[in-house]
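Taking it in order: structure first as structure tokens, then the write-up.
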Amino acid sequence: MPSFAASSPLATVSNWSPEYRWIPVAGGFVNFVWSVAVGANDVAISFGTSVGSEALTMLQAVMIAAVLEISGAVFMGNQAVVTSQSSLLSRPPPEVLLMWGLFIALIAASIWLGLGTFWELPVSSSLSMTGAIIGICVAAGGVQSIHWNKPESWLDVGGVLGIIISWIIAPLVAGISSFFLFGATKMTLLRPIGSKLRTLRAMPLYYGVTVMVVMSSILYERSPPARALQTIDSTRGSLIAGISGIVASVVAYLIVVPLASKRLGCFSESPNIEMPQQPPPQLKELKESSMIDGEGCDFRLAIVDSSNSLRKTADGVWTQFIEQHVLDTVYEEDGEGCDQSPISIMRSPACTPITFTQLLKQTPNQLVSFKRLRHVHNITPWQKMILFFENKIKATIHHSIEYEQDTLVRHAMAEKFDNQAEELFSFLLILLSCAASFSHGSNEVTTAMNPYAALLQLYTYHSEEAKQAIPISVLALGGIGVSLGFALWGWKIVRCIGGGITYLSPSRGFSAQLCALATVLLATKVELPVSALHILLGSIIGVGLADSMQNLNWMLLLVFLAAWVATLLVTSATAAGFYAFTIYSPSYVAW
């Protein structure tokens, strides 16, 4: 009769059997879910700054990402499979147990990455998978199976400690460089009078540096499959990148600057003075007429700021009125305006000051939201299905990036520059975002597909020494999944990166993205295992510090730090728990 007996896990599963075929099949579905989670959480690295600064819409970012992520993964992501994670593991488990462990690692990392996206936390796919692999190996062979410190690089550290140190150093380098870059741009170009003309004259330099960084990122890919790129050494690659930057500067000087100056009219304009916009007709009537309050007290509009300086010009008064209307809307809570807003209205000397919210309540044309009653018609099932998909598209691809009141106030407090001068940085920011997306497809997507490719290799060859290239089908499936994930839920992390940390304009986004891409390039050159997400966040922090410390959401940054620590702990514990439960449980043995 059958009985239960405790047996060695390796003895139970060591013999390869056709029954294991379900593992790569089920692993394919889990791997696709994993790729969707990677796209939802990681692609915002490329387009968070451009969407947050309104250089691109969310729909445009989704369409560009779909093309670049898939093409980068398929055409530039042909890397060899790394099954044993040699930089981390000193003693990997046997092949059959490693195959099962990789399957569990995909499940554990997918769960945590999905939860991080739901909570709008950029937890990083590489960090999640690293934690899951560590948990599997600790459960299989104990803590001695992990290289906690393996001196193998110029830092004289390696293993887990080397990865953690590199995740600290790289964001610090990106933050310092973005701080100085945006600070110099702000002080020399954006803040002085005539910023449009100054920025336009500096565009050839910015175009040259941007193209040089982009070309370097393409030439120094980790394992490009094209033979023409494999034969390029560092010296020749630097020379090609430098020449490309010079050519881009010349083209920008001869073509971009004249076209932009004609469009913006920079050379026909003397000082850079912004004229107030014409107020709406309803507000114009209120502006031109005096008003009588309930006590019959005649008053004129006059605005007093926090320094009690009176602005007497009509245009200045009305510009401040419109700005205060926005601020009162931001400060408004539960339908009640904030009575301590920084700007107030002074009536005649006999009357007390009132806020704009109180003034709007006394005006007959106050803004009241209402819904029109409409007759509900019966619709067909086909129309219901169309309406369902339209609503889903509006909730995902067309999702509007909205922020909370505290974030809007932080954005309002940030220093603003000339809109046309900021617009000159938009194309450069889009170019950097596209380069970052292509690099993400060729590097990060390939790395994310590595566990499943290793699982397939272990099942096919029964060995981790085969060193086969990742199949193109796996890379294409990963690119499709990443694009789908960004289209469905990418707006969550875009909102977090693109405005939740600090206010981003095109010039700020350009500085952050350029320094992040350059730092990733430098880390790749010195073979440091870095996270592009951590580098970008460090770069954004540097831009925010160049503005003001008050413009940074420090509480959100602390939450990010806690989430990164929790990522290693949770994924390690989850993967180790699943592995131990399935391997070390008593086995059913028939006799």
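Including glycine, each Cβ sits where the backbone N, Cα and C put it.
Annotation comment: TrEMBL describes 20-44 (among others) as transmembrane segment. Same-chain residues lying 6 or more positions outside the transmembrane segment (20-44) and placing a CB less than 8 Å from one of its CB atoms are 65, 69, 96, 99-100, 102-103, 106-107, 109-110, 113-114, 116-117, 122-125, 437, 440, 444-445, 448-449, 451-452, 455-456, 459, 474, 477-490, 492-494, 496-498, 532-533.
Sequence-remote contacts of a segment are chain residues at least 6 beyond its ends whose Cβ falls under 8 Å from one of its Cβ atoms, and for the transmembrane segment (56-77) they are 39, 43, 46-47, 50, 221, 224-226, 397-401, 430, 433-434, 437-443, 445-446, 449, 470, 472, 475-476, 478-480, 482-483, 486-487, 490-491, 494. What TrEMBL lists as transmembrane segment is 56-77 (among others).
Annotation comment: TrEMBL describes 97-115 (among others) as transmembrane segment.
Taken from TrEMBL, the feature transmembrane segment covers 127-148 (among others).
Summarising the annotation, TrEMBL assigns transmembrane segment to 160-182 (among others). Only residues 6 or more beyond the boundaries of the transmembrane segment (160-182), in the same chain, are considered here, and those with a CB under 8 A from a CB of the stretch are 87-88, 127, 130, 134, 146-150, 152-153, 507-508, 511-512, 514-516, 518-520, 522-523, 528-531, 534-543, 545-546.
According to TrEMBL, the feature transmembrane segment maps to 203-220 (among others).
Residues or ranges marked as transmembrane segment in TrEMBL: 240-260 (among others).
Under the heading transmembrane segment, TrEMBL lists 424-442 (among others). Listed by sequence, the residues of this chain that lie at least six past the ends of the transmembrane segment (424-442) yet keep a Cβ under 8 A from its Cβ atoms are 42-43, 45-47, 49-50, 53, 55-56, 61, 64-65, 68-73, 75-77, 196, 199-200, 203, 206-207, 210, 213-214, 217-218, 221, 224, 260, 479, 482, 506-507, 509-510, 513-514, 516-517, 520, 532.
Taken from TrEMBL, the feature transmembrane segment applies to 469-491 (among others). If one looks beyond the transmembrane segment (469-491) by at least 6 residues along the same chain, the residues whose Cβ comes under 8 Å of a Cβ in the stretch are 28, 31-44, 47, 58, 61-62, 65-66, 69-74, 77-81, 117, 396-397, 399, 401, 441, 445-446, 448-450, 452-453, 456.
Listed as Cβ neighbours of the transmembrane segment (558-581) (distance under 8 Å, sequence separation of 6 or more from its ends, same chain) are residues 100-101, 104-105, 107-109, 111-112, 116, 121-124, 127-136, 138-140, 534, 537. Annotated transmembrane segment per TrEMBL: 558-581 (among others), in sequence order.
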Q) Who are the chain neighbours of the transmembrane segment (240-260) in space, where the CB to CB distance is under 8 Å and they lie at least 6 residues beyond its ends? A) 200-201, 203-205, 207-213, 215-216, 219, 232, 266, 424
Q) Near the transmembrane segment (203-220), which same-chain residues lie under 8 Å Cβ to Cβ, leaving out any that are not at least 6 residues past its ends? A) 229, 232, 237-238, 240-242, 244-253, 256-257, 260, 424-425, 428, 431-432, 435, 438-439, 510, 514, 517-518, 520-521, 524-525
